[in-house]
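Colleague: Just passing along the structure, written as structure tokens.
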Amino acid sequence: PFKEQIQFADDMQEFTKFPTKTGRRSLSRSISQSSTDSYSSAASYTDSSDDEVSPREKQQTNSKGSSNFCVKNIKQAEFGRREIEIAEQDMSALISLRKRAQGEKPLAGAKIVGCTHITAQTAVLIETLCALGAQCRWSACNIYSTQNEVAAALAEAGVAVFAWKGESEDDFWWCIDRCVNMDGWQANMILDDGGDLTHWVYKKYPNVFKKIRGIVEESVTGVHRLYQLSKAGKLCVPAMNVNDSVTKQKFDNLYCCRESILDGLKRTTDVMFGGKQVVVCGYGEVGKGCCAALKALGAIVYITEIDPICALQACMDGFRVVKLNEVIRQVDVVITCTGNKNVVTREHLDRMKNSCIVCNMGHSNTEIDVTSLRTPELTWERVRSQVDHVIWPDGKRVVLLAEGRLLNLSCSTVPTFVLSITATTQALALIELYNAPEGRYKQDVYLLPKKMDEYVASLHLPSFDAHLTELTDDQAKYLGLNKNGPFKPNYYR
């Protein structure tokens, strides 16, 4: 073994002889380029920036001869199908819902137009809706989060899907329009994430909008827009706010972010978190999840908050609540999750220290004022897929991830199991609104009934081999509850 050691030392020397200075930049660039492109979004093996021809220019047909879709490359369908099958393994609740309701087809006649992240997990939802009798047309609610091969698999299976990773702003609206505007097909249900689709139908196709039976919306941002419409008296259809249902808030927002924030940051920057100073803007469910993960790795976490209740929760959890201005000069990472706009302004960005990492975990890309960085005096350098260095005249760099869009979906993956919970909730909300008798839901925004929340949760318990205790008649009477639920009052959050 001693000999081998010497041998090894020689090799080391051999290695250091190479001139590192000049070649290093391009070498690291090419390594990082290839390694991140192949894994940048879950299993996507295509980086959107490489292709010459826009999917809009291509003529593609699936094996059944239909060309009622627009995806990056229909040939990837087989790979995408594998991804969907893998996701199904961890989405047992949706599959059991599919099996239970397949006979009675509760969505027969539903024409659902959807706008969500298009990933293997959403594909399981879309195919469940189809199995329950719906016809679906789908587009992406985020220009970076689409898994091209999954979109291809959906198109191959006959879903009219219009989406690819790395769409332009113009492509984004074109895709939404193609979903809604189809001769001889008129949507009667909307499933939205972020409210862009609802907004588009409301503005461009008021006649379609009036005839919609119901809207299901799953993000803070989209729900906020629905309440605005409702306040102005312009919401002429019932809408279901899935975002604030307990199963979505606690799981998708809290646990999902707790598990995916570090993944997104590590994949893009390989940052070490021990001892780093991080400021998290917003201590709602997403903020709570992010902070729990960061704290566990030994980061020093600051919180900014506008709401005294959330601020007090942050204090009780051991975090310093500060104003962004007070810590902006010293922090190493800034994470926004407020659902608001202009939380990190150009002034903040100007005061950050060199190589500070800036990213967003909220739905829309308005939280960080990225537009203010597109000025002549600043240089943008793309160092990896989804990672930009913005360089100030004095040489200071700020590391911006996913151009201020949703970090976990743009740069890493989200745990399938959590998405199963949200997707099951969405499916039940669609079934509920579509089958509701005339007059049960007025033209307003509704929360999902607690009974359904509890049903979703119970569908997920078997995968943990968890056994629920049942109340005796006496106990149920004592608590004033029905033995079968709902166990929580309607106002429970």
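Backbone N, Cα and C define each Cβ position, glycine as well.
Model, not experiment: these values are computed from the prediction.
Summarising the annotation, TrEMBL assigns region 'Disordered' to 1-67. Among the features that TrEMBL reports, compositional bias 'Low complexity' is placed at 28-47. Here TrEMBL flags Thr119, Asp193, Glu218, Lys248, Asp252 as substrate binding site. The domain 'S-adenosyl-L-homocysteine hydrolase NAD binding' annotation in TrEMBL covers 253-414. What TrEMBL records for Gly284, Glu285, Val286, Gly287, Lys288, Gly289, Glu305, Asn408 is NAD(+) binding site.
Tell me about the surroundings of these features in the structure.
Modeller: The number of other CB atoms found within 10 A of the CB of Asp193 (substrate binding site), across every protein chain shown, is 25.
Mean pLDDT, taken over the domain 'S-adenosyl-L-homocysteine hydrolase NAD binding' (253-414), works out to 94 on the 0 to 100 scale.
Contacts of Gly284 (NAD(+) binding site) defined by a Cβ separation under 8 A and a same-chain sequence distance of 6+ are given as Val220, Asn253, Cys310, Cys337, Thr338, Gly339, in order along the sequence.
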Colleague: Using the alpha carbons only, what distance in Å do you get between Gly289 (NAD(+) binding site) and Glu218 (substrate binding site) once rounded?
Modeller: 18
Colleague: Could you check which of the binding-site residues Thr119, Asp193, Lys248 is the closest Cα neighbour of Glu305 (NAD(+) binding site)?
Modeller: Lys248
Colleague: Within 10 Å of Glu285 (NAD(+) binding site), Cα to Cα, which of the binding-site residues Thr119, Asp193, Glu218, Asp252 are there?
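Modeller: Taking Thr119, Asp193, Glu218, Asp252 one by one, the ones whose Cα falls within 10 Å of Glu285 (NAD(+) binding site) are Asp252.
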Colleague: Consider the binding-site residues Thr119, Asp193, Lys248, Asp252 and say which one has the Cα lying nearest the Cα of Gly287 (NAD(+) binding site).
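Modeller: Considering only the listed binding-site residues, the nearest one is Asp252.
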Colleague: Largest pairwise Cα distance, Å, within the listed substrate binders Thr119, Asp193, Glu218, Lys248, Asp252?
Modeller: 18
Colleague: Give me the Cα-Cα distance between Asn408 (NAD(+) binding site) and Thr119 (substrate binding site), rounded to a whole Å.
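Modeller: Rounded to the nearest whole number, the Cα-Cα distance is 12 Å.
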Colleague: Only counting partners 6 or more residues apart, tell me which same-chain residues put their Cβ under 8 Å from the Cβ of Val286 (NAD(+) binding site).
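Modeller: Counting only residues 6 or more apart in sequence, the Cβ neighbours of Val286 (NAD(+) binding site) under 8 Å are Asn253, Leu254, Cys257, Cys337, Met361, Gly362.
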